[in-house]
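Undergrad: What Swiss-Prot shows for this protein is this:
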SIGNAL    1-23  signal peptide
CARBOHYD  N157  N-linked glycosylation site
CARBOHYD  N198  N-linked glycosylation site
CARBOHYD  N249  N-linked glycosylation site
ACT_SITE  E259  active site, nucleophile
CARBOHYD  N260  N-linked glycosylation site
CARBOHYD  N362  N-linked glycosylation site
CARBOHYD  N366  N-linked glycosylation site
CARBOHYD  N392  N-linked glycosylation site
CARBOHYD  N502  N-linked glycosylation site
CARBOHYD  N578  N-linked glycosylation site
CARBOHYD  N586  N-linked glycosylation site
CARBOHYD  N615  N-linked glycosylation site
DOMAIN    746-828  domain 'SUEL-type lectin'
Amino acid sequence: MKTTMAAAATCLVALLVVVLAEAAGVGCTTVAYNDRSLVIDGERRIIISGSIHYPRSTPEMWPDLIKKAKEGGLDAIETYVFWNGHEPHRRQYNFEGNYDIIRFFKEIQNAGLYAILRIGPYICGEWNYGGLPAWLRDIPQMQFRMHNAPFENEMENFTTLIINKMKDANMFAGQGGPIILAQIENEYGNVMGQLNNNQSASEYIHWCADMANKQNVGVPWIMCQQDSDVPHNVVNTCNGFYCHDWFPNRTGIPKIWTENWTGWFKAWDKPDFHRSAEDIAFAVAMFFQKRGSLQNYYMYHGGTNFGRTSGGPYITTSYDYDAPLDEYGNLRQPKYGHLKDLHSVIKSIEKILVHGEYVDANYSDNVTVTKYTLGSTSACFINNRNDNKDLNVTLDGNTHLLPAWSVSILPDCKTVAFNSAKIKAQTTIMVKKANMVEKEPESLKWSWMRENLTPFMTDEKGSYRKNELLEQIVTSTDQSDYLWYRTSLDHKGEASYTLFVNTTGHELYAFVNGMLVGKNHSPNGHFVFQLESAVKLHDGKNYISLLSATIGLKNYGPLFEKMPAGIVGGPVKLIDNNGTGIDLSNSSWSYKAGLAGEYRQIHLDKPGYRWDNNNGTVPINRPFTWYKTTFQAPAGQDTVVVDLLGLNKGVAWVNGNNLGRYWPSYTAAEMGGCHHCDYRGVFQAEGDGQKCLTGCGEPSQRYYHVPRSFLKNGEPNTLILFEEAGGDPSQVIFHSVVAGSVCVSAEVGDAITLSCGQHSKTISTIDVTSFGVARGQCGAYEGGCESKAAYKAFTEACLGKESCTVQIINALTGSGCLSGVLTVQASC
């Protein structure tokens, strides 16, 4: 079988670099591929990977996240590269803090894992503007992601910058580094047909591949979702909830799944999406059954959209994604443990999968059996794609019960080592506990400051003027959510009008002569809306100030350079009672991006700022107000979150670190999927078939992550809020996130392991030891047959310990209980 040695010459091409690397004790790794797998140092490999995005966590979190990924059975970490984070202004670069990409890749290397570098540099990723810097739109003749010299020049400059940084740090496999694959562009095949210029699109995607390959990185280049017009010098890959039936566009290249969506992102008006552990395991097992070679979880850890990084529009600050590691880095059980069990079984048959001969046999009733054979050894997959029918399947004389919508893996074709629908890992219910720091007051003490709107209530002192209504992204270069549009008109006498503003939003506040006369925001997905407000003009000069706000820029789709935001074109009119309008659209408009508090950097709480506490009386429900309080860091090392219930919309900072936008007043819509969850059947995040949703009718996001590295122990910490729309901070409280209840169900003959996780949490009580069918959910189980013998065994083995393991034997059933499945629930 032919092997493409795309990286085999790396050690020769980059001889000097490698010699230096070897002098430091680092070896050279070759990466090639054939139609069965990647070939690393001459060995065919199954690779199980997971996405962790470095800017969505903190450098202090990276080692623990990567360690947990490795312990979960991962071989590699995959990440995008975030262009607008690294180059926020043209030729001004940022590689500090959570943008220290080299430090992140070194942490991957230190853990002994591989890495997949997805440069893009368009990334989508629910990231602001899909990762593209807004300043690109300032460049004349710019067309994004087309065969267009202005865009290609900037893309090549940034791509080369990242590659050179990686080479300088010896991060590519041929230099002894962890990077085994690199990606150029991202999901371009999804938009090629919408660009109205097929020739330019084709020329662009081939230019991307050629430009990437000229970089001589020594590892294969991939392109995801590029199923047609695929350049010959890249490997095309699949993204989706299921990729078992997908195959690459040509022979000789491996089947790679770059994004297996473990859940879904969240918008401000949507509930939480949950993809079951059973369904993900089903999809992964099918993928490897059907010759899959590399599978990546998107996301393995989602993290947080700190600052203004969330895209959308209307993507929440949380990017939890229902991933195996939750937003804060805690294990999401049973998803983490169930997939870990799957990885172990897949790895146990790795050689058979990548070297063995295979036969697919289609049985009746949507059952498929695949048998891999290598010499005298065999491994089998049995796949039941029915979504409502369990089946008995006979294989080589042995009958196996196969639950609906599941795959069984038999490493010897005789004994089932794993079934995707049977979870043996524990379920952990995470709970939030109020800050229990000693001497912390019962409620936070607040001071406040008005946002200074006065400079913006006239049309003077703007950055510039135009006799037209300009587009917001270009005008502000996205340096702030906010852009002021200001004009004035002379009016004879007093009169009443309706102020009419047509905007592409996402949000608008209108002031006339210094008074707030109206506000509105667009519904998600419909970003053209109108504001109509009754106003009174006085005799003489009248001032109209319109504050337009964006809430994350669009991250997906074609023709980004043509996507508008703000009051571009309007119209803006004053309409009298007779319907006669004064069109202000072509008046002289003064423009200024940002708010006074942003320019003053109030969030840094510099000396000299005048905060008012008004003898303890704090104004509430007043727009454009800054609030400040101090608090002690919660004890221990558990996750810290701040509950912002009672507030409306704004931004939060802790010790000057931007936690992101908050909007707890925006409730999640009621959707049918909130009242139905069954792992069986196709999972989808859009359309009519949604299921397994939670949080309908509740705040879209109430809790906001405060990383431990943002906090100071033993001294006051500062929380500053900019409340844009008017809210009440009196309910704000800090919590620690800890394991509450842990539960496991297992059959007689299996072992049950309970764990309260990290940070020295111990098992405090055994609450349920029930044989039979226990009703309810973990944390609130009831029913079944309580076993005193099982209760005694778990009490003796587990109380006061961080974890424990008990073998389930018939003797534990006790009198009156039938042998079968034992459910155990414990409290931490």
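Backbone N, Cα and C define each Cβ position, glycine as well.
Provide an account of the burial state, proximal residues and distances for the features listed.
TA: Note: N157 (N-linked glycosylation site) has no non-local neighbours, i.e. no same-chain residues 6+ apart with C-beta under 8 A of its own C-beta.
Secondary structure from DSSP puts N198 (N-linked glycosylation site) in a helix.
In sequence order, D227, S228, V230, N236 make up the list of same-chain residues 6 or more apart from N249 (N-linked glycosylation site) whose Cβ falls under 8 Å from its Cβ.
Contacts of E259 (active site, nucleophile) defined by a Cβ separation under 8 A and a same-chain sequence distance of 6+ are given as S51, C224, C238, N239, G240, N296, Y298, in order along the sequence.
Counting only same-chain residues six or more apart in sequence, the Cβ atoms lying under 8 angstroms from the Cβ of N260 (N-linked glycosylation site) belong to G240, F241, C243, I280, A283, V284, F287, Q295, N296, Y297, Y298.
According to DSSP, N362 (N-linked glycosylation site) sits within a strand segment.
Using a 10 Å Cβ-Cβ cutoff, N366 (N-linked glycosylation site) registers 15 neighbours.
Around N392 (N-linked glycosylation site), taking its Cβ as the centre, 8 other Cβ atoms fall within 10 Å, counting all chains.
Less than 8 angstroms from the CB of N502 (N-linked glycosylation site) sit V528, F529, Q530, I567, G569, G570, P571, V572, each of them six or more residues away in the same chain.
Around N578 (N-linked glycosylation site), a 10 Å sphere centred on its CB holds 6 further CB atoms from the protein chains shown.
The Cβ of N586 (N-linked glycosylation site) has 13 other Cβ atoms within 10 Å, all protein chains considered.
The 10 Å shell around the Cβ of N615 (N-linked glycosylation site) contains 5 further Cβ atoms across the protein chains shown.
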Undergrad: Spatially, which candidate from the glycosylation sites N198, N392, N578 is nearest to N586 (N-linked glycosylation site), comparing Cα atoms?
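TA: Of the glycosylation sites N198, N392, N578, N578 has its Cα closest to that of N586 (N-linked glycosylation site).
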Undergrad: Please report the Cα separation of N198 (N-linked glycosylation site) and N615 (N-linked glycosylation site) in Å, rounded to an integer.
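TA: A Cα-Cα distance of 67 Å.
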Undergrad: Going by DSSP assignments with H, G and I as helix and E and B as strand, what are the residue counts for the domain 'SUEL-type lectin' (746-828)?
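TA: Across the domain 'SUEL-type lectin' (746-828), the residues distribute as 15 helix, 32 strand, 36 coil.
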Undergrad: Give the three-state DSSP assignment (helix, strand or coil) for N615 (N-linked glycosylation site).
TA: helix
Undergrad: Rounded to a whole number, how many Å is the Cα of N392 (N-linked glycosylation site) away from the Cα of N366 (N-linked glycosylation site)?
TA: 12
